[in-house]
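**Student:** Pasting in a structure now, in structure tokens, and then I'll have a few things to ask.
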């Protein structure tokens, strides 16, 4: 009788527990399969594109950017897929031939059509930002500047993209967007967290790089000063990016891009020339070039040196002397007046330099040509190499660099000397802080410059607050799924083992 009772209890318990375990196991298996299939289902590529045209003083470049749509608020996900340099000068040179602007832009806009899938054309934003060349034109005539921009807008509106307008950006904007670009690409705005720690850590002790930009008509310096009040409100910008506040110093020196600085130097030096011959230390020995006086005074940058000369043309004759060239350039910087605790030049406030700087655009292109972009090259070594380069005869230079256009080749002595003068005497870098200047062309395949920062700002892809993210990474998620599956499997095994316990186990339950 007792054996029968024990058998009935065992049978009853076995059936019920097995039913529960079996049902739970089936549900768990179905759930795991469903999650696994859903998680690993191949998804179509969901990307977005953006186009920015950099209408500079000497030329226009078109940049195409691409990013995954679902990650557009993450740091560093936007990358450059194409750069197209428009053939010809900057748009400010089309004042007297605005009807040619459409043809001027055609090749690069057609290239954009080819690169971006047709299905994406209508939702791809196009922005054109004009910089110092157009700022100078607007100083001469706002009407002429508006006419050029109107024709540019009409031309770009004819393409199947989402044209967002053309405008002249301020020097302050140009500096700020360049700063945003290099720090975005370097990942300086992101903050990583260790899996086993609730304390965040930075990839680098210095949170941001400073930005040094040199164009044809202006130069910008932008950085976050450490423990220093920005004494001039016009040079102060506040950003809140990814949940962190940045107090940024920026200034754009109009007329101090390398091309306009050369025009300034020539206009200054010709004032003291005894005749129509200008012996110039910033050009190689043996170099000669005739310059029209009318061309010299075309730009607003030379107005302060304008005077009536007894000749219509003058000839530059190079003598190739770095030290004399350097001294001539320094005369462009007024350091006698400073209404603040310290200044760069021309009475412009400049806080103490802090940390690393990325130097791009013409800073990079000139130094790369001179083979001086290596971080191991000291400032003293750069100066010595510039002395030797400038002293080389023009005929020898032409032979050594036969593939370079003479217009550009002839100006590298001046440009290299100007960069040294600007960085050392203009911005007050020293031999020690020179080592913190990084001459940058591209970062992870994207050009260093203001265009990416401009697009990121206008498309609101840099949020003020850190975007929300899933609490677990994909690998952690998979690990936990496997772990819980093993736990479920172990419980099932234990349950089965229970039913194989000796008979006295079941007696105790009765």
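Cβ coordinates come from backbone N, Cα and C, glycine included.
Residues or ranges marked as active site, proton acceptor in Swiss-Prot: 174. Annotated disulfide bond per Swiss-Prot: 84-108, 255-301, 282-325, 338-343, 390-413, in sequence order. Annotation source Swiss-Prot lists N-linked glycosylation site at 73, 227, 292, 334, 371, 457. Here Swiss-Prot flags 13 as S-palmitoyl cysteine. Per Swiss-Prot, the feature topological domain 'Cytoplasmic' maps to 1-16, 500-510. Annotation source Swiss-Prot lists topological domain 'Extracellular' at 38-478. Per Swiss-Prot, transmembrane segment is recorded for 17-37, 479-499, and the stated evidence type is sequence analysis.
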**Student:** Can you tell which of the recorded positions 292, 301, 325, 390 lies nearest to residue 84 (disulfide bond) in space, using Cα positions?
**Tutor:** 301
**Student:** Spatial neighbours of residue 390 (disulfide bond) among the disulfide-bonded residues 108, 282, 301, 343, defined as Cα within 10 A: which are they?
**Tutor:** 282
**Student:** Which Cβ among the disulfide-bonded residues (84, 108, 255, 282) has the fewest C-beta neighbours inside 10 Å?
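**Tutor:** Fewest other Cβ atoms within 10 Å, among the disulfide-bonded residues 84, 108, 255, 282, is found for 84.
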**Student:** Go through 227, 292, our glycosylation sites, and report the one whose Cβ sees the most other Cβ atoms within 10 Å.
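**Tutor:** Neighbour-count leader: 292.
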**Student:** Let's check the environment of residue 334 (N-linked glycosylation site): how many other CB atoms sit within 10 Å of its CB?
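**Tutor:** Other Cβ atoms within 10 Å of residue 334 (N-linked glycosylation site): 12.
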**Student:** Can you tell me the three-state DSSP label for residue 282 (disulfide bond)?
**Tutor:** coil
**Student:** What three-state secondary structure does DSSP assign to residue 325 (disulfide bond)?
**Tutor:** helix
**Student:** Taking the Cβ of residue 413 (disulfide bond) as centre, how many other Cβ atoms lie within 10 Å?
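**Tutor:** The answer is 28.
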**Student:** According to DSSP, which of helix, strand or coil covers residue 413 (disulfide bond)?
**Tutor:** helix
